[in-house]
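Per TrEMBL, these features apply:
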TRANSMEM  A:9-31  transmembrane segment
TRANSMEM  A:61-87  transmembrane segment
DOMAIN    A:61-249  domain 'ABC transmembrane type-1'
TRANSMEM  A:99-120  transmembrane segment
TRANSMEM  A:126-145  transmembrane segment
TRANSMEM  A:178-198  transmembrane segment
TRANSMEM  A:230-249  transmembrane segment
Amino acid sequence: MRKNAGLQIFAWIVFAFLIVPLIIIVVTSFGTNSTIQFPIKGFTFDWYGKVFNNESFMNSFYLSLEIAFIATVLALVVGIPAAYSLARHKVFGRNWIKSFFLSPTIVPGLVVGYAVYQFIVIQFQFPIFQGLLLGHFLICIPYVIRVVGSTIEQLDFSIEEVSWTLGCTKLQTFIKVVLPNITSGIFASFMLAFINSFNNIPVSQFLSGPGVTMLPTNLMNYIEYNYDPSVSALSVVLMLGTIVLMFIIEKTLGLTSIS
Amino acid sequence: MSYVELNDIRVSYDNKTDILKDLNLSIEKGELVSLLGPSGCGKTTTLRVIAGLIEPNDGEFIVDGKNLTKVPVYKREFGMVFQSYALFPHLTIKENIAFGLKLRKEKKSSIDKKVKDILAITGLGELGDRYPKQLSGGQRQRVALARALVIEPKLLLLDEPLSNLDAKLRVAMRIEIKRIQSQLGITSVFVTHDQEECFSISDKVAVMNKGIIEQFDTPEEIYKNPKSEFVARFIGFENFFDLTPIEKGKYKTVDGTTFLSTRQWEPGKHIGTIRPDDIDIVSNTESTATNTVSGTIKVRTFLGKSYQYEIETSIGALLVNEVDDVIYQVGDTVTLMIPAHKLIIV
Amino acid sequence: MTQQRRLPYIILAPGMILLIVFLVLPLVSIIFPTFFDGGFTLTHYISFFMDEYNMSIFWRTIRISLIATLFCVFLGVPTAYYISQSPKKWRGLLMSITLFPLLTNSVVRSFAWITILGQSGIINTTLKNIGLISKPLTLLYTEFSITVGSVYLFLPLMVITLVGILENIDSEIMEAAETLGANRFIAFMKVILPLSVPGIIVGSILVFTGSLTAYTTPQLLGGNRNIMLATFLYQNATALGNWKGASVIALIMIAATVIVMKLFDWVAKRMDKRGEASA
């Protein structure tokens, strides 16, 4: 009933700016020409076939999934107890410790990767895989501390006290009462950490070696020397992955919970 | 022609269900008119139509002979007090109040004087340089009022302005609003769901239900002579029973007893109603005399100044408030007197 | 200490230890040597800031980050306001349009602009087809392309941060301003804009520090001539084998991030005069 035409036009131009470039990629992935063209001539699914038959892409895809998953789980395992401790206990230097856990977000990703590479891989001769895993653990941990922490802070403390009066130990209470009530926070932080780890480039940039290259890094290296629609096709595959994740988040938590 | 006129106003958001159904309302200059009703009755919508925040689908809105139906809100020059107060959190109290004056490009000296005067009138004196967050609920309420009044509005609109205050402050503030309103002689429209608040403050009350005005009268008239069952229920008539009209002022109940009523009656109306206070317990035996009904006490509740009895009778369950020294017990059989001058037919 | 008092620290320990060993120690190990050349020295930093080429990279990074931030504010505030005011059923869709690019890989997002701005990209092809130009314009591998890429990368963050703030502004406040005689535009400028300043500041911190340290965008859209701090660090460490130089840049990037954050926080505190304190 109360609309503002000027504002509406402005906003939709911005939405177009956000979405049209990605739509262009989708279109170019079906072109028959061996370099990217827009508008396309002809129509083919060949480039998708090329992507799925490219062993290097597929290997780095599996590696990315593996690293993102393990790093996220590791971050949850050490992060949930830490977030609980920070939310519930009068820990000495609480705010400092919290900032410390969030500090990987202040250090630029490329610097994190560079430092981990220099120290862990070069100095201590860890395999690159372990270095990558640790680097990505550092990406994940702030999400867990922040999201799970705020969920615990919103949880009514008296339900834990009730549980103690009913004879549960602190550990039993944590498992039977606290955890079931923060599953949405845990799931949200899992999603956020996983997506950010999977998509991250700067941290992985230094941490790559023979047979150990993350998918985004691999794609980036490929783009520097190639300009064919298989890049578009792979991009579309990644976007489909994003859509699936967004759909899962929307159906479970609602998209607003991660923004 | 009245100062403010709403003629056949219709509002619908989806063009299927009407929020307001061809609503008509006339307000005289200087009057304070309340819109009273339960949530969802359309009272706030009516106020927002007057303010210009909603454009009606049909009908016209006239103030002082000018048709304002299509005039945008910011050109109407009405003051509005919002339920949430809607103070600007980034501005001081003075800046909040001066907001409207600055937009009118008034001279600084004139603005300063007007702000100072209104701060005095609303009893905010020394608080001018504070921010809204630093004030109590009652003080914020006064700021909202001052901000609406300072632009010397043609019409003052108040949307449940007291609902966020505690009970004591609410009484104090409604006296305050009435005082300032009559002091400045501003025509006002007040929206509320609280009948006591509404009766104490208004010159006239429009009781609304489902997008129509059920009754538009003085508070006394509405209190004494509700015109419909809805109005009666809303203002505290708790006993309702079916009657069959026999002749003017004479009715029969479902069990055949004759009931007389000396109150006015319109054809087609056949539901008797009476306040719990107006029924008397006349004896502890059964009787079939005119205007009496017998029954058994089911529940007794202590209300402080009186006892309330829920009595199961042949015309239905009735609530009776009794201040007598005689205290009846649950299970007692009693006869109730329903005075002819208190029995209202709706 | 009793078991009870120790427990909170025990469950904090694993995370703390992992962070100390795998973040703090590595950082110290790369930063520490930059201050020592026999004895304590600031030579590496002084010479970095004395070098014209280095400084051109430094200022380019600041310049691009600043322009990208300004554009994100300019484009983001009205858009976020539009989203916050739209009906519930639409808001989900609009948020999805905003979130989708954010959750899409940044390589993909930069690549999109290569296909648009490149020599044989969409803009050049279109302009050539309608006969406006005969030779392709140089749009890609310029500061312009990095800026566009940065805005594209970070605009969703700005919008989402602002929607959170704007949704919490009481809608009656806007109406109150209108009843007092302000039309929509004036009410927006005088009420909504000042109230969204905290969100603008949080969003600006994200955009500015993000662009300041971004690697993907300058790498893909900047080419060899438009190096920024992150790409310069990478170049030093790999192509040039200058480990110390890379570490110097690493500390400058960390310091710049922290300084920018503190600066914005300070501005926010100065501007937030809504008096929570002395009630």
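Just so it is clear, glycine is given a Cβ too, placed from its N, Cα and C backbone atoms.
Under the criterion of 3 or more C-beta pairs below 8 Å, with sequence separation of 6 or more, the transmembrane segment (A:178-198) and the transmembrane segment (A:9-31) do not qualify as touching, having fewer than 3 such pairs. In this chain, the transmembrane segment (A:230-249) lies close to the transmembrane segment (A:9-31): three or more C-beta pairs between them fall below 8 angstroms, excluding pairs fewer than 6 positions apart. Away from its own ends, the transmembrane segment (A:9-31) comes close to residues 37-45, 47-48, 229, 232-233, 235-236, 239 of its chain (Cβ-Cβ under 8 Å, at least six residues beyond either end). Outside the transmembrane segment (A:61-87) by six or more residues, the chain places 94, 97-98, 101, 129, 132-133, 136-137, 139-141, 143-145, 148-149, 152-153, 174, 178, 182, 186, 189-190, 193-194, 197-198, 212-216 with a CB less than 8 A from a CB of the stretch. Same-chain neighbours of the transmembrane segment (A:99-120): 79, 82, 86, 126, 130-131, 134-135, 138-139, 141-142, 145-146, 200-207, counting only residues six or more beyond its ends whose CB sits under 8 Å from a CB of the stretch. Cβ atoms under 8 Å from those of the transmembrane segment (A:126-145) belong to residues 67-68, 70-72, 74-76, 78-80, 82-83, 86, 98, 101-105, 109, 112-113, 116-117, 120, 189, 192-194, 196-197, 200, 203-204, 207-209, 212, 214 of the same chain, restricted to positions at least 6 beyond its ends.
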